[in-house]
Structure formats: C-alpha cells, structure tokens
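TrEMBL has this to say about the protein:
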- 68-86: transmembrane segment (TRANSMEM)
- 106-127: transmembrane segment (TRANSMEM)
- 139-159: transmembrane segment (TRANSMEM)
- 171-188: transmembrane segment (TRANSMEM)
- 195-215: transmembrane segment (TRANSMEM)
- 227-245: transmembrane segment (TRANSMEM)
- 257-282: transmembrane segment (TRANSMEM)
- 302-328: transmembrane segment (TRANSMEM)
- 335-354: transmembrane segment (TRANSMEM)
- 360-380: transmembrane segment (TRANSMEM)
Amino acid sequence: MELSAQQPPAALYQNRQQDHQQAAYEYSPAACFIRSVLAKIIMCSNNKGGTGRVSTRSQMQAEIGKRYYMILLGINYMCLFLGSVSSSLLSKFYFNHKGGSRWVSTWVQCAGFPLLLFPICFFRIFTHRKSFTGFTPKILCLSILIGLLLGVNNLLFSWGNSYLPVSTNSLVLSTQLAFTLVTSMIIVKQKITYPNLNCVVVLTLSSVILALGSSHDKPIGLTKTKYFKGFFSTVGAGLMFALYLPVMEKIYQKVDCYAMVVEMQLVMEIAATALATVGMAADGGFSEMNTESLKVFDLGPKAYWLTVGFNVVTWQLCFMGTAGMVFLTTSLTGGVCMTALMGINVLGGVLVYGDHFGGLKAVSTLLCVWGFCSYIYGIYMNMKEEEEEKKTEICREKNVKKMNSDHIMELAEIVTHNACG
C-alpha cells in the first residue's frame, strides 16, 4: 500500500513493463550468445605471466578456444591490412594534390583516438567489465611516454611520405623488420632461428637494392637533398617503430585482456595527438590547414576535408591492428605481417599513382616476398615441432601411468599372497 501511494498504478505498471523488456533482452538467446562470445574473445586473454609468448599463446588458445582466438586475430589483421594500404595511398593523395603541411599529415595519424571510445563502450556493455580496470600508474606513464615517441615517429613518417613515392617509401620501411629482430632479441629474448635470420638478411638486401636503384624515382622538382632527407626520415621512422614493437610486447605481458590493449592505445594516441597539436599551434599549422583547404588543395575544400577525415579513420585502423597483432602473437610476427603488406602498397602506388616500377624495384619486391615466405615456413615448422613434442610428452605420460599402475598391481598381488600365506 505504501508503494502504491508513492507511485501511481499506471507508472508502476509502465516501470514493470520496462523491467520485463530489459530482462527479456538480457536473457534472450541472441543476447546471451553475443555476450558469451565477446566475453571469450575480449576478456579471457589473460594469464600473461613471465612465460614466453609461445606458451602464452598456447594458454590463450586453451582458455578461449582456437576458433575465438583466430577470430580476434583475423579482425586485427584485417584492420592492419585496410589501415596500412589505404592510409599510405591517402597520404600520398594529400601531397599529390598540393597538400604540403607535414604537421597536418602527422596530426591525422593520431587524431582519430575518439574512435577508440566506441569499442571501449562496446566492450563494457557486452562484457560488464569496467573500463580501465587494471590500469596502474606505471602502465599509465608508460602509455603516455610511448605515445609521445609515436608522435615523433609520425612526424618522421610524414617527412618521408611527402618526398618519396609510395612504392619506395613502403619498401624502405620494410627494413624495420631487421631492426625489430635485433630489438626483440634484446628486450623480449627472441630466439634467432634460420628462418628469422634468412628473412632479415633478404629484406635488408631488398632495401639496399631499392636505395641503389631509386635515383630516377624522384618526383618532378624534388632535389637530391630533399630526396635523401625523405629517405633517411623513413629509415628513422622504421627504427623507432622497430623499438616500439618489442617494448609493447614486453608491456603486454602484464596486460589482462584485449580490452585493456584498446584502452592503452587510446592513452597513447591522446599523448601523440597532444604533441602534434602543440607542434601545429607553434608552427601555425591550424591556420595553414584552413588556408590549405580553401586556396591550396586543388580539388577544393570538400575533397580536402574528406581526405583528412578518411586519413584519420584509416590510421586508427592501422595502429589498432598493429597493437592487436603484437598482443596476440609477437612483436616480430607483427613486423612480418606489416612487411607482407609492403608488396600490396607497392602495387597500390604503381596502379593508383603510376609510380615507376623498374627491374631493380621488381627484384626488391621479389626478395621481400621471399623473406616473408621463409618466415612463414619457419613458423609452420616450429608449430609442427611443438605438436610432435606434445604428442611425445603425452605418450611419455601414458607410459609412466601404465608403469605405475602395473607396479601397484604387483604390490597388491604380493600383499595378497603374503596375507594368504
């Protein structure tokens, strides 16, 4: 009676209807299935103690199942694929149509961080995990510091991309794989195998051939000084990114789940955006951006802002895909996957912009493919050896159990015989 006195019957009935509808949705088969799948994919990627990445991957697959692991891995590689190819082409499109601000090119690489709020909210709704759970002051500080370094890396990449053709820029960046192997050995104790070493040597040779044969590859009006400035800026970006990958792998060993990876990525992109924003403000980049859209960009303001907007989206896909690949596999595997996309970028530059593709560049591309294939073959052989070792271990355990069982039966017979005697 007290409840009905406080709330009219119609309102009470309406609230009960809403509660029933919400309960029906929450416990419907479709909603339960979606939440179950997302929880398995997003939340169960934990237990990353001090063990190596191979055992971590095995533990992860044992917990969430190979199917869910491969779904998440496929989503991240698709993000990396779409982001890498489209961002490279769009950045070149910006510079080809008289866009010349390297600060703008740097800023769009990280300014899309608000897009990461959508998956974070999505994870919270469907998994009931509180956002930024598990964040410590140490992880927060590391995320900010790495984000600032990413901002510098973005600036170097913008310099390189503004001077070099897409094909040359992409193939020069493939040298980061050699640096990634070295830094992975130092930071995460990556083992050197023949496929790893072969891949690094071949890709390094590929880049050397490219550098020797690219003197004719300069855009019209570009001096030799600016060309080599762009070349070495791209090499510097590759070096910094090669350091970034194993450092993140080391940090991810202390991360609880994939949702936390997205949250760390948000913090890093905010720091990188802050650095780019300060640089733009100090250099008059924002006013230059407005002037560029109205008077400089030869396709008009609408095309300018569309180019900038799509660049923001594609760069976020690229960086989030990279972070996911490093978290789910290794820093070296993430670097190899990025290198595998270099050939696609080369073909994109040739098909879309008509970049020159002579004999030396063709040889360089073939060497790049050869190095990647050797690495994939090495992964396949390692997986095969692991399966054989597991089978051997299982057989050994069965034999030990059988021997123990036989020994117990013999002891039981002796005890029984002595008791009867």
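Yeah, the Cβs are placed from backbone N, Cα and C, and that goes for glycine too.
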Listed stretch, out of 139-159, 227-245, 257-282, 302-328, that has the most CB pairs under 8 angstroms to the transmembrane segment (171-188): 227-245
Maximum Cβ pairs under 8 Å to the transmembrane segment (335-354) - stretch from the list 68-86, 227-245, 257-282, 302-328: 68-86
For the transmembrane segment (302-328), sequence-distant contacts whose Cβ falls under 8 Å of one of its Cβ atoms, 6 or more beyond its ends: 45, 57, 60, 69, 72-73, 75-84, 86-87, 90-91, 93-94, 97, 99, 104-105, 108-113, 115-116, 245, 248-249, 252, 255, 258, 261-262, 264-265, 269, 292-293, 334, 337-338
The transmembrane segment (227-245) and the transmembrane segment (139-159) contact flag, 3+ Cβ pairs under 8 angstroms: yes
Cβ-Cβ under 8 Å with the transmembrane segment (139-159): same-chain residues at least 6 beyond its ends: 91, 102-103, 105-106, 109-110, 229-230, 233-234, 236-237, 240-241, 244, 247-248, 251, 254, 264, 267-276, 279
